[in-house]
Amino acid sequence: MDTKAFKRSLQQSENYHRKGFGQEDEAMGVMNSEYQSSLIQEIRNNNYRLTQGDVTIRLAEAFGFCWGVERAVAMSYETRQHFPNQRIWLTNEVIHNPSVNQRLRDMKVEFIPVIEDQKDFSVVERDDVVILPAFGASVTEMQLLNDKGCTIVDTTCPWVAKVWNSVEKHKKRNYTSIIHGKYKHEETVATSSFAGTYLVVLNMEQAKYVCNYILNGGDKQEFLAKFKKAYSEGFDPDTDLERVGIANQTTMLKSETEEIGKLFEHTMLKKYGPLDLNNHFMSFNTICDATQERQDAMLDLVKEKLDLMVVIGGFNSSNTTHLQEISIHHGIVSYHIDSAARIDLNNHIEHKPLGKDLEVKENWLPDGKIVVGVTSGASTPDIVVEQVLQKIFAIKSAVAMV
């Protein structure tokens, strides 16, 4: 289908809203009172460091709520204010942060139920309001909601929409979209729905496999089995990898996205030569500024002399996971938690090691003076970071008094 024409038609509908309802200041005031932190602002003003007792905190210089997340949450608050008596639904978590999503539930914003891995949109009625989250929604979902005639509030991050425009350009020129991302992630599901032919690659290892296939061929059935559920219907690696364009899930590791883009460019250059490269490869510029800033800040932070790192964000948050990867790659003991509730005052922490299930670590804060690096994902409010720091200070203070 012509997804570009559908988007244009949807945006002209009187039931579609993507710019709020004129109550932005009120919504932001409520948000600021709930999510901002005077302590975190104090640390920012003090060159991103604070020493209290035996603990020195080193904050990353870019962390926490990004503009797209702040916008999505503010629009959700504003929607509740503007429609105080109507039933409001979210098609997914508005962002990947448990406390923010719980706050919306407390405001009687409901989530579309999921039955056997499928969303049940039958619960939505014409008079209802449906919020599309920061990650966006698939074309199919938007069509369904538009057909129902309900009110649609679109909080999709503009950076995500920029990626949609890129894959639509690929489709228009008959290029296959190579999407660096997680094929099940809400954002990638939405992005792939705007693409024509596409293939989702998770990492450099998968990208190298694809590029080797482009140059040398291989077992098609093995290829299709390896990327099961990660390609468009009818995808054929023997014919659909002759012309490719690169796109990405905006929260992926910036350096890896760039490396994957260069790998595909070099692969097509090797196969088709410099004079014909532009007929087989489309370059890209879809790396989110906020993701890049947070990853760059983390790369600066790991250069400090740290005893350990605390990474705060939802366990299903892709951008938070990549911050954790950077810390581990640089040999720093790192703990990924989603809230201060994961820390108890007996010096235990329940955390999620990279690629593993939750586990509990006892005596995670060492004795004596320590320097703790701290960062948080783009969906984590400052107040959550403060709550984590207060737990750390309390544990070390109690130990010092023994």
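Glycine is no exception: its Cβ is also placed from the backbone N, Cα and C atoms.
What you see is a predicted model, and the numbers here were worked out from it, not measured in a lab.
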Per Swiss-Prot, HIS185, SER317, SER318, ASN319, SER379 bind isopentenyl diphosphate; matching candidate in HIS82, HIS96, HIS266: HIS96
Same-site residue for [4Fe-4S] cluster (record: Swiss-Prot; known: CYS66, CYS288; options: CYS150, CYS157): CYS157
Other same-chain residues whose Cβ falls within 8 Å of the Cβ centroid of HIS96, HIS185, THR250, SER317, SER318, ASN319, SER379, the recorded (2E)-4-hydroxy-3-methylbut-2-enyl diphosphate site, in sequence order: ILE95, PHE135, GLU187, THR251, GLY314, ASN316, THR320, THR321, GLY377, ALA378
[4Fe-4S] cluster site shell beyond CYS66, CYS157, CYS288, criterion: Cβ within 8 Å of Cβ centroid: TRP67, GLY68, VAL69, ALA134, PRO158, TRP159, VAL160, THR250, THR251, ASP289, ALA290, THR291, ALA378
Those recorded positions of CYS66, CYS157, GLU187, CYS288 having Cα within 10 angstroms of ASN319 (isopentenyl diphosphate binding site): none
Residues that sit under 8 angstroms from CYS66 ([4Fe-4S] cluster binding site) by C-beta distance, when 6+ apart in the chain: CYS288, ALA290, THR291, ARG294, ALA378
